[in-house]
Structure formats: C-alpha cells, structure tokens
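Notes follow once the structure below has been shown.
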Amino acid sequence: MYLTTVLGNLLIILLIRLDSRLHTPMYFFLSHLAFSDISLSSVTVPKMLMNMQTRQQSISYVGCISQLYFFMLFAGLDNFLLAVMAYDRYVAICHPLHYATIMRDGLCVLLVAGSWNLSCGHALLHILFLVRLSFCADNTISHYFCDLAALVKLSSSDTFLNELIILTEGGMIFFLCFGVILGSYIHIGAIMLRVPSTKRLYKAFSTCGSHLSVVSLYYGTSIGVYLFSSSWGSKDIIASVMYTVVTPMLNPFIYSLRNRDIKQALDMCVNRVKFFKQQSLDPPVAVRAQ
C-alpha cells in the first residue's frame with residue numbers, strides 16, 4: 001500500500017509537470033496535494049513497517065516529537081489544499097467567464113504558500129505546548145504513530161491548556177476548511193438547481209466528482225476519529241489508517257479514473273516511452289556517400 005501511494009502520487013506529479021495541457025490551477029493544486037499525500041504516508045508508514053519487521057515497537061522522545069510535527073504539518077496541509085481546490089471548483093463552475101482572471105498564477109501561488117505557512121504554524125504551536133509537558137521514563141502509546149491526543153493523555157502534567165488549544169485552534173482550522181468546502185458546494189448546487197440541465201450536471205459532476213470523493217473519504221474518517229471517539233480503541237486506529245494510509249493511496253486512482261485529462265496525459269507518456277524504446281531497438285542504418 002505504501003509503494004502504491006508513493007508511485008501513484010509521483011506519477012500524478014510527473015504527468016502534471018510533463019503535459020503542458022495540465023498547467024492549470026486545478027492540476028497545480030493537485031500536484032501539491034499529491035506531494036502532501038506522499039509525505040503524510042512517509043511520516044508514519046516506514047516506521048510502522050520497520051517496527052513490524054524488527055519486532056521492536058519503540059521510538060525515542062525526539063523521534064516521536066519529530067514524527068508528530070511532520071504528521072500535523074502534512075495533515076493540516078491536506079485540509080487547506082482540499083479547501084483551496086473546492087474554491088477553485090466553485091470559481092470554475094459559478095464564474096466560468098472570469099475564471100482566468102480570478103484564478104491567476106499569482107493567486108494560486110499565494111494560496112499554496114499560505115497553506116504551507118498556516119500548516120507549519122499550526123504544527124509548531126501544538127509542538128511548543130507539548131514539549132513543556134512532563135512524561136515518565138517509559139510510556140506505551142496505544143497507536144501505531146505518535147498522535148497528539150494520545151500523547152497528551154500520557155502526560156503527568158496539567159494538560160488543560162493543551163486540550164484547550166486543541167479544541168479552539170484545531171477546531172477553528174478544521175471548521176474553517178470544512179466550511180469553505182461546504183460553502184463552495186452549496187453555491188455550486190444552487191447554480192445547478194437554478195438552471196437544471198443534464199449536460200451541465202454531467203459537466204459539474206465530472207469536474208467535482210473526484211474532489212468530492214476524496215473529501216468524503218478524508219473528512220468522514222477524521223471526523224469519526226477526533227470528534228466522536230472518547231478513548232483510543234481498535235475502531236479509532238482503523239479509522240486513522242483510513243485517512244493516513246488508505247486515502248493517500250486511493251487519491252491517484254480517484255483522480256486518474258475519473259479524469260479525462262489525466263488519462264490523455266498518461267496515454268501520451270506511455271506512447272512516448274514506446275516510441276523511444278522502439279527507436280533504441282531499431283538497428284542504425286548506414287548511409288553511403290555517392
């Protein structure tokens with residue numbers, strides 16, 4: 001599953017870079033989402049696989065804090081990028097004539113840079129408040145990676161401030177991103193219902209179907225873990241696997257199987273490889289001068 005995640009998302013990034021037809025805002029955001037998915041899986045899965053192979057399920061304090069920082073960084077980046085992509089789809093469907101003017105290159109770069117900066121600040125804030133807590137010499141985390149909620153529960157210090165920040169700052173970011181996504185699709189739905197048309201509905205579904213599938217899978221599992229769980233159990237860990245391992249693996253399939261442009265770029269790339277391979281296999285022909 002990890003190899004599929006890495007290779008699939010790398011293929012998405014490669015196709016977007018090679019095919020000039022994919023140099024649009026939607027695929028610009030998609031390439032950053034693919035990179036974020038690779039990084040999110042790489043933070044947790046290799047360590048878990050190493051523990052399974054060596055049968056030594058341990059991690060140092062510094063390693064645990066580092067893993068948590070990068071996990072929160074890329075999980076937050078996924079949230080922001082999904083919100084940005086929802087806004088991009090809203091502009092494309094509700095304001096198609098002004099799309100090129102609104103979603104200009106400068107704004108796209110600004111949105112991605114803002115997502116990175118906010119994600120870094122979000123992760124750093126929680127890490128700074130976590131390192132001030134005291135822990136016993138040896139602790140057992142009932143999880144397959146260092147999760148913030150699980151670590152806070154293990155501390156022997158007063159964790160009221162940490163829990164307050166998790167609820168307020170984490171909740172604000174979650175509902176902000178989710179609100180942007182929900183608001184964008186409410187506006188899209190209102191436009192579709194105002195002027196119902198089979199052709200228009202099909203175009204909207206083909207444009208938003210992939211993004212909606214990823215959003216449903218990602219937010220459905222993360223909401224089940226962090227909002228409706230009182231204690232870490234097997235169901236919560238399975239749900240965590242869904243949004244940290246399964247969702248990044250499925251994203252390339254969702255975007256490639258439902259996307260005609262990605263399919264065409266993949267066909268063109270395969271044809272290029274076949275052409276160069278055939279050229280290398282053909283024997284050189286000598287031309288004699290008369």
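Residue numbering: from 1, along the chain as shown.
Glycine is no exception: its Cβ is also placed from the backbone N, Cα and C atoms.
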Segment assigned the feature transmembrane segment in TrEMBL (from 37-57, 205-225, 268-288): 205-225
Beyond the flanks of the transmembrane segment (205-225) by at least 6 residues, Cβ under 8 Å: 78, 82, 85-86, 89, 92-93, 178, 181, 185, 188, 236, 239-240, 242-243, 246-247, 250-251, 254-255, 258-260
